[in-house]
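*Asks:* What TrEMBL shows for this protein is this:
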type: BINDING; residues: His188, His211, His220; note: Cu cation A binding site
type: BINDING; residues: His349, His353, His383; note: Cu cation B binding site
type: DISULFID; residues: Cys108-Cys127; note: disulfide bond
type: DISULFID; residues: Cys126-Cys189; note: disulfide bond
type: DOMAIN; residues: 211-228; note: domain 'Tyrosinase copper-binding'
type: DOMAIN; residues: 376-387; note: domain 'Tyrosinase copper-binding'
Amino acid sequence: MASFQLVNTFTNTTRKLPDSTSSRCFKTHPQKNHRFKVSCNVAPDGNEKLLLVPDSKNLILPKPSLDTLNVDRRNLLLGLGGLYSTVNFSSLPAAIAAPITTPDISTCIPSEQGFNVQDSVRSNQCCPPMMTTTPKDFVFPKDNAIRVRPAAHRATPEYVAKYKAAIQAMRDLPDEHPHSFVQQAKIHCAYCNGGYTQVASGYADKQLQIHNSWLFFPFHRWYLYFYERILGKLIDDPTFALPYWNWDNPAGMSFPAFFETDGKRNPVFDAFRNVNHVSPEVVVDLDYNGSDSGAPCLQQISTNLAAMYKQMVSNATDPLSFFGGEFRAGDDPFGNSDPSVGSIEAGCHTAMHRWTGNPRMPNNEDMGNFYSAGYDPAFYVHHANVDRMWKVWKDLGIKGHNEPTDPDWLNASYVFYDENEELVRVYNKDCVQIENLKYDFELSPLPWLKNRPVAHTKPDTTTKPVEKVTVPDVKFPIKLDKIQKVLVKRPAKNRSQSEKEKATEQLLIKGIKFNVSKFVKFDVFVNDQDDVPASSASESEFAGSFAQLPHHHGGHKKLMTSAARFGLTELLEDIGAEDDEYILVTLVPKVGAEDLTIDEIKVELVPIV
């Protein structure tokens with residue numbers, strides 16, 4: 001048993017809310033502000049038990065050795081020299097991997113993952129129409145004007161009328177048309193629910209999945225790019241731009257009113273939404289657990305702003321943390337690979353999907369499931385703000401806020417029908433600079449930037465009693481069918497400011513295996529008090545959440561493997577724990593975690609470049 005001291009301290013701190021808070025918010029709850037200090041009593045001989053699992057076994061190259069072949073893996077994928085059939089690509093290390101390549105659309109198959117097909121209300125026939133199977137190369141637009149995406153809550157009546165006319169024109173097209181409302185919705189289903197494999201990269205038995213990895217942001221940016229231009233062409237307006245749901249700003253933290261019925265036929269209305277959330281009086285929950293928190297609106301806004309700060313600053317210090325883990329050709333999104341999910345994808349992105357979808361539907365249609373999300377026009381407005389988060393994150397100018405530079409990210413590709421009904425292949429590298437794509441976002445305040453948790457005062461052990469508790473030894477993998485506490489050693493303590501500027505301290509939770517037929521979410525706290533189930537994202541000790549929408553549904557349970565990263569540098573400053581040699585990590589299951597297991601928890605220093 002590893003013993004340590006917990007010291008209860010009390011402070012009196014408040015957080016100022018933005019002036020734009022709606023007048024309907026009139027009631028607040030007092031904010032919890034107590035914490036416990038953790039210090040580990042380690043035996044003098046240094047024989048403390050490490051709560052980490054050993055590194056994975058080294059990969060063994062198949063024979064013949066690649067060193068003796070002396071050829072590039074990308075050439076092997078082309079089948080040069082007959083090597084294609086003799087080398088087991090699935091066992092090759094990532095150092096010689098290749099980028100994900102979407103095959104031509106003729107290889108698309110019906111989607112059957114991520115939802116119960118038998119009870120589904122949307123089709124699983126998600127493949128695009130076969131107008132052509134050979135995509136052309138993407139060419140940057142020559143538009144003279146920049147399409148400026150407005151915040152939905154500030155949209156003028158004239159703009160809303162134009163937006164509705166564009167959606168109506170899309171709905172009026174035959175379903176088989178590549179620009180139709182139905183075909184645009186099916187794009188997300190095909191890419192996210194098993195419609196494509198990695199056959200173009202030489203792995204016909206491996207699925208292509210654009211969630212839970214570094215493909216998440218660029219794929220959705222391209223998706224919206226063509227969707228927006230198609231809408232503009234349908235109403236003959238080359239300046240038309242999608243609105244964005246400004247849920248990171250208190251003024252936009254409610255469901256956009258123009259999406260609901262107004263006594264007339266409304267083309268942007270969707271029948272499969274959570275009826276408890278569509279009122280403009282209801283504040284969104286960016287830390288949604290699948291059930292309403294019941295918090296007064298001021299408290300919910302405060303929690304939302306704290307969550308945004310965590311996901312955009314504290315937990316997004318480097319490309320891996322923000323974009324998600326590497327996903328290369330040959331990686332298995334369900335089995336042997338171990339990608340990590342980015343801070344925005346696992347956080348506000350997933351929360352808003354589930355918050356909007358209808359919990360009474362078999363698969364939480366529409367927004368609550370990947371296969372059906374594209375049928376709700378709110379999906380594209382939601383993802384317009386997700387796309388904006390990428391731009392905002394980069395524009396903050398913080399060191400480390402850069403896109404990945406790995407060639408396998410830059411050269412990953414997808415295929416879409418463009419506004420001219422031509423099949424086009426696009427690459428991640430071409431969507432990094434949105435000015436080249438001729439669109440931008442209307443400016444909106446960022447109140448969450450000033451919502452870093454208020455630092456606690458140092459614990460006063462002379463006036464507060466010391467409560468001693470014990471934390472049992474942990475053997476991995478651990479099952480998250482209950483609250484789990486793990487004591488984890490840090491690689492360094494009391495780091496100087498210059499050291500912090502060179503590397504960020506991160507909590508890494510690896511080998512998260514979960515039932516992908518469920519909505520899954522658990523929260524992570526560091527050195528928190530015993531009442532963590534009642535804690536929220538506004539607490540200083542809150543590190544973040546891991547959340548996933550369903551990826552698979554079938555007659556048997558199938559486990560998906562993922563990982564999550566959480567920034568510790570600011571968190572440990574805020575709770576006054578920089579001199580702790582160990583931290584107490586508390587995992588709190590929220591929903592769908594009954595079958596979830598975790599292989600490893602560790603703290604590491606990640607260079608900032």
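Quick reminder: no glycine exception, Cβ is built from N, Cα and C everywhere.
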*Asks:* Just jot down the residues in the same chain as Cys127 (disulfide bond), at least 6 apart in sequence, with C-beta under 8 A of its C-beta; none if empty.
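*Replies:* Result: Ile105, Cys108, Ile109, Pro110, Lys186, Ala190, Gly195.
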*Asks:* An 8 Å radius from the center of the His188, His211, His220 Cβ atoms defines the neighbourhood of the Cu cation A site; name the other residues of that chain inside it, in order.
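*Replies:* Near the Cu cation A site, beyond His188, His211, His220, sit Tyr191, Cys192, Ile210, Phe216, Phe219, Tyr223, Phe370, Ala373, His383.
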*Asks:* Quick check on the domain 'Tyrosinase copper-binding' (376-387): DSSP residue counts for helix, strand, coil, in that order please.
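*Replies:* For that range the per-state counts are 10 helix, 0 strand, 2 coil.
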*Asks:* Looking only at the domain 'Tyrosinase copper-binding' (376-387), what is the model's average confidence as pLDDT?
*Replies:* 98
*Asks:* Once near-sequence residues are set aside, which residues in the chain of His353 (Cu cation B binding site), 6 or more away, have Cβ atoms under 8 Å from its Cβ?
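*Replies:* Met367, Gly368, Ala373, His382, Leu549 - these are the non-local Cβ neighbours of His353 (Cu cation B binding site), listed in sequence order.
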*Asks:* I need the nearest neighbour of His188 (Cu cation A binding site) among the recorded positions Cys126, His349, His383, using C-alpha distances.
*Replies:* Cys126
*Asks:* What other residues of the same chain, not counting His349, His353, His383, have a CB atom within 8 A of the CB centroid of the Cu cation B site?
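*Replies:* Result: His220, Glu345, Cys348, Thr350, Met352, Ala373, Phe379, His382, Val386.
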*Asks:* Using Cα coordinates, what distance in whole Å links His349 (Cu cation B binding site) and His211 (Cu cation A binding site)?
*Replies:* 11
*Asks:* Taking Cys108, Cys189 as the disulfide-bonded residues to compare, which has the smallest set of other Cβ atoms within 10 Å?
*Replies:* Cys108
*Asks:* What are the non-local neighbours of His383 (Cu cation B binding site), defined as same-chain residues 6+ apart in sequence with CB under 8 A from its CB?
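*Replies:* Sequence-distant Cβ neighbours: His220, Tyr223, Leu224.
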*Asks:* Just to verify a number: CA distance, His211 (Cu cation A binding site) to Cys189 (disulfide bond), in angstrom, no decimals.
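*Replies:* About 12 Å separate the Cα atoms of these two residues.
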*Asks:* Non-local Cβ contacts of Cys126 (disulfide bond) (under 8 Å, 6 or more apart, same chain)?
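*Replies:* For Cys126 (disulfide bond), the qualifying residues are Cys108, Pro110, Ser111, Lys186, Ile187, Cys189, Ala190, Asn193, Gly195, Tyr371.
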